[in-house]
Amino acid sequence: MRFDVFTIFPGMFTGFLTESILKRAQQAGLIEIAIHNIRDWTTDKHRTVDDTPYGGGPGMVMMAPPIVHAVESVLGQEQNSTPIIIMSPSGELFTQDIARQLACFPRLALICGRYEGIDDRVRIILRARELSIGDYVLTGGELAAAVVIDVVSRLVPGVIDPESLAEESHNSGLLEYPQYTRPPIFRGLGVPEILLSGNHAKIAEWRRMMALCRTAARRPDLLARAALTPRDHELLQRCPPDPFAHQGPVYEGDQLERPEGGEQGASR
């Protein structure tokens, strides 16, 4: 999959795109990310990309010509088949479902706004979709575009283990259950005993219960949309008073950390 990013600050993406999973995905040829400087499509010696808003008001507005020319030049004949996204606080909320939709395309264009926004004719001419990553305002669309790239890239086949994706928050419609690893005791807090039992059926049920309970406590809107089974409703009746409190045993005394091994070794 290819991402084309249009920005006036291309340097903002350098570190983010050259580390961790995104770096490996690019090296493996699973994704390609191209950063385009909108100023390269300006026509004056000052490489101007903004001007004062018609009707008055504070700040500056990004001009339509450089952005439209940049997108049309880069996308060429693929413009009509490529989703064009404008990152904007007034856009629809970016969700995991939208990410799954976008991941089905071989190419995605992301336009990063700045200042007071982008001339609305850009959206109309390019038939662009406006997306927001949350109910807050950033100084520009670059961080938001990076979020979209990260989320969508994870859904490209081969980038992430499919089993890992299935267990993550929002992919199942619920928040994820709490995770633990070694050591089995740290600062007096022990791993929930069910996770050390080796009983995979009970572990799976506990994890499902905790996912349900955490979603009910923190994101009831997600729970209302989830397809719940009769067993899920039974598990919801067993929710602890605070599903975000520590769910394992608590130890007192000097031995606040216990080494690996023995009966308390993590079940794998």
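In case you wondered, yes, glycine gets a Cβ from its N, Cα and C as well.
The S-adenosyl-L-methionine site in Swiss-Prot is built from Ile133, Gly134, Asp135, Tyr136, Val137, Leu138 plus one of Gly113, Gly173, namely Gly113.
Counting neighbouring Cβ atoms within 10 Å of each of the binding-site residues (Gly134, Asp135), the lowest count belongs to Asp135.
Between the listed binding-site residues, namely Ile133, Val137, Leu138, the fewest other CB atoms within 10 angstroms of a CB are found at Val137. Same-chain residues at least 6 positions away in sequence with a Cβ under 8 Å from that of Tyr136 (S-adenosyl-L-methionine binding site) are, in sequence order, Pro89. Just so you know, the Cβ of Gly113 (S-adenosyl-L-methionine binding site) picks up 27 other Cβ atoms within 10 Å once every protein chain is counted.
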